[in-house]
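Asks: Before I ask anything, let me first share the structure, which is written out below as structure tokens.
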Amino acid sequence: MESLYRQGVWMAEALQQNSRSLEDLWLVASHMGDPKAAVLLVFPVVFYIHRRTGIAVLWVAALSEWLNLVFKWILFGERPYWWIGQSGLFSEKPPEVQQFQSTCESGPGSPSGHAMVTSAVWWVIISSLASFSQAYTGSKILSAVLYLLYAVFLGCVGLSRIFILAHFPHQVVAGLLTGVLLGVFLKRSVPERRPLLFFFRFSMALLGAALIFHAVLEKTGIDLSWSISLAKRWCSRSEWVRMDTAPFSSLNRDAGVLLGLGLAQYWKPGGWTLPRAPRTLCLALSSLALHYISRFPLPTVPPLLFYSLFFLKYSIVPQVVMVLVPGFVHLLTAKPKRE
């Protein structure tokens, strides 16, 4: 693996030196590939365009990120920003690279979660768009263009993760391929109109299974906090190592989102049928609400309190998008019945 890691560092160095003018593009691409962007940015937009596809986006995002966490616990995987210093191989001639605010994620590196979740979620969206365009226009060229744009977007997300030193190239490729396979598989079973008990059990199963697996690995002598220690040691700025990028934060986000999805469908099973203009208003209000929810600060001590509140925070997201905001807009725009 050492040779693979060396080549990855050289590629990151070359990418930073030769595309410095594209730094803003890479940072935006990395942000758009963040698993939480699938929940906070992509889900509302898709949901107000097509309800079932929006639910599929949330479902696939949660399950693919959870599986990514399990894979990382099994495969470990270094990250470039800490491996450069930890390996001791570059003491004489360190690579000319820099870290960024989004570099210092504290979980293991393989496979890339950004690549895996993004490729899974956007497969659901692009394949749905391609099916729609094929049905209404009969144009295979348009479908091909959509899949080409999908590939270009994934390429940008993957390169951005290498550029900011968050992942090695082989970790990105592994994440992209695994994500596409998950997108194809999970799209077949979208839990629309499933009972609340289904989501409650699924949410608790994700939490329970991950915690049991974590405990078993620790019992065998595997220290799963190794990556957090390395992140704190080698990140160039300590404030860039945040609890919301830790593995247990991902776990609680996924479980919270699924429980919230169940609650949203329980409160209003069929949702509201709104015309295009009210749906646009819903999107604007939801985006504003989710912006403030995502930025709401949580106490980081004790950790159990942080993770519990993090779970609740993301369980609110589907309810805001699917129930609270559409219900409010429905009340505002509904025409009074004539007697």
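In case you wondered, yes, glycine gets a Cβ from its N, Cα and C as well.
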Asks: Using the annotation in Swiss-Prot, determine whether SER133 and ARG193 are placed on a common side of the membrane.
Replies: yes
Asks: What is the number of residues in the topological domain 'Lumenal' (1-26) that are helix, strand and coil, as DSSP sees it?
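Replies: Its residues divide into 24 helix, 0 strand, 2 coil.
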Asks: Quick test of the contact rule: Cβ under 8 Å, at least six residues beyond the ends. What residues does that give for the transmembrane segment (309-329)?
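Replies: Here the qualifying positions are 39-40, 43-44, 47, 54, 58, 244, 249, 252-253, 255-257, 259-261, 263-265, 267-268, 271-272, 274, 278, 281-282, 285-286, 289-290, 293, 296, 298-299.
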Asks: At a Cβ cut-off of 8 Å, and with pairs 6 or more apart in sequence only, do we get at least 3 pairs between the transmembrane segment (115-132) and the transmembrane segment (196-216), yes or no?
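Replies: No, since the transmembrane segment (115-132) and the transmembrane segment (196-216) share fewer than 3 Cβ pairs closer than 8 Å, they do not count as touching.
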Asks: Taking only the residues in the topological domain 'Cytoplasmic' (48-54), give me the average pLDDT of this model.
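Replies: Across the topological domain 'Cytoplasmic' (48-54), the average pLDDT comes out at 96.
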